[in-house]
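**Q** The structure that follows is given in the form of structure tokens.
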């Protein structure tokens, strides 16, 4: 009796947990479809709630992809538990396992191979510098994303204000972006605020100050994934032994 009650409890928890994931996937997918079908209404609402994100309209594809993935995962978990399908439970387990291994591998690479991290950051800096020199002030979506990032992080450029030297923005306006001078105009090199660092430095400072929170969230996600794998595997074994 105890074994059956434990089995029923695991089935119920698996159903509830994945049911929430499935419903969340439907909601995210619905938002993505709405963005692509009726982008005008979405932009009006987005413009009222967050004007700095007005130009970021390609989130529709991302929402549809994430929503579809969540729906598939939720469906596999729910049906696998209710119908006691070993196939669905095993597919669910394998997908979560692959994601879990990828996360662990990424963390190991970052922690153990600092030289690779430096190479990646250097590459990212080169790409960001190219975009800032050529596209900032000309490409609306790129400009909006960078403005929102610099405003939120209180930073200027990737490495610093030097990223905007000889840029399209500087040639057209003969000044640096206002954020670099703490919104003092005109923003010339002599007016650059020493408090405004590059976004890379600002991000590193954010991680050093909030590392425990970020680590806690990451551990929490890994814990949920591990719990989901254990439950799926236990259900799979118990169904196989019936």
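Including glycine, each Cβ sits where the backbone N, Cα and C put it.
Since we're looking at a predicted model, the values are computed, not measured.
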**Q** Under TrEMBL, the annotation transmembrane segment belongs to which of these stretches: 89-113, 114-138?
**A** 89-113
**Q** Around the Cβ of residue 156 (disulfide bond), how many other Cβ atoms lie within 10 Å? Please give the count over every shown protein chain.
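**A** The answer is 29.
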**Q** Restricting to the same chain and to residues at least six past its boundaries, which positions have a Cβ under 8 Å from a Cβ of the transmembrane segment (89-113)?
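**A** Apart from its flanks, the transmembrane segment (89-113) reaches 73, 76-77, 80-81, 218, 221-222, 225-226, 228-229, 232-233, 235-236, 239.
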**Q** Excluding the flanking five residues on each side, which residues at least 6 beyond the ends of the transmembrane segment (213-236) place their CB within less than 8 Å of a CB in that stretch?
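**A** Cβ under 8 Å, 6 or more out: 7, 10-11, 13-14, 17, 77, 80-81, 84, 86, 89-90, 92-93, 96-97, 99-100, 103-104, 107, 207.
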